[in-house]
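Per Swiss-Prot, the features are:
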- Gly10, Ala11, Gly12, Lys13, Gly14, Thr15, Arg127, Ser136, Tyr137, Gln199: ATP binding site (BINDING)
- Thr31, Arg36, Ala57, Leu58, Val59, Gly85, Phe86, Pro87, Arg88, Gln92, Arg160, Arg171: AMP binding site (BINDING)
- Cys130, Cys133, Cys150, Asp153: Zn(2+) binding site (BINDING)
- 30-59: region 'NMP' (REGION)
- 126-163: region 'LID' (REGION)
Amino acid sequence: MNIVLMGLPGAGKGTQADKIVEKYAIPHISTGDMFRAAIKEGTELGLQAKSFMDQGALVPDEVTIGIVRERLAKPDCEKGFLLDGFPRTVPQAEALDSILADLGKAIEHTLNIQVEKDELIARLSGRRICKTCGASYHLIFNPPAEEGKCDKDGGELYTRADDNPDTVANRLEVNMKQAQPLLDFYQAKGVLTNIDGQQDINKVFADLDALLQSSRS
């Protein structure tokens, strides 16, 4: 079962990824994890990636794709994998198809967790931090007992600059524009399924699970 998991920030992608890999016993492969593992193993591509990361530069596609190739060829991917954070562009998706073809595989499912923009803004801008102790709250998911005050020490709660609703909205707009060509690519290949991410976490997983189960039978 070879899966690409997509979704905008705040859609709950990480939560659902954890549930899928636990249920289906496949590796959860994120770009960051791949880079860290390649660097730790001291591979040639890992060292190349590190040199770019140390400079604060983006790792070029050819290095990233090489690391993906090495990762997907490992034995734990034999029965499938879940890719998270890769591919990000159509050229990367085309390179992924080429890698998988060499391995006698293909992407079977691209799962896109959809949440309305207003809901994403509410989720992402609801975080509040205590000025005194740094404790984190969320107005929707983990609100303080008393509005504006930390439960632990009564410290004032504040909103970080990058959690400001306008900043969040702008960030989402950029992400949406970047994601659309990739969604179109997988739609054209007939492997894209949009999942309603505004439901309860367990209901979202039930929908994902039903889809994956039906494709196995």
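In case you wondered, yes, glycine gets a Cβ from its N, Cα and C as well.
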Looking at the binding-site residues listed here (Thr31, Ala57, Phe86, Cys133), whose Cα lies nearest to that of Arg127 (ATP binding site)? Cys133
Between the C-alpha atoms of Tyr137 (ATP binding site) and Arg88 (AMP binding site), the distance in angstrom, to the nearest integer, is 31
Hey, of the binding-site residues listed (Arg127, Arg160), which one tops the CB count within 10 A? Arg127
From binding-site residues Gly10, Gly12, Gly14, Cys133, Cys150, the one whose Cα lies nearest Phe86 (AMP binding site): Gly14
Are there any residues at least 6 positions away along the chain from Val59 (AMP binding site) with a Cβ closer than 8 Å to its Cβ? List them or say none. Phe35, Gln48, Ala49, Phe52, Met53
Using Cβ atoms and a strict cutoff of less than 8 Å, what residues sit near the region 'LID' (126-163) while being 6 or more residues removed from its termini? 171
What average pLDDT does the predicted model assign to the region 'LID' (126-163)? 94
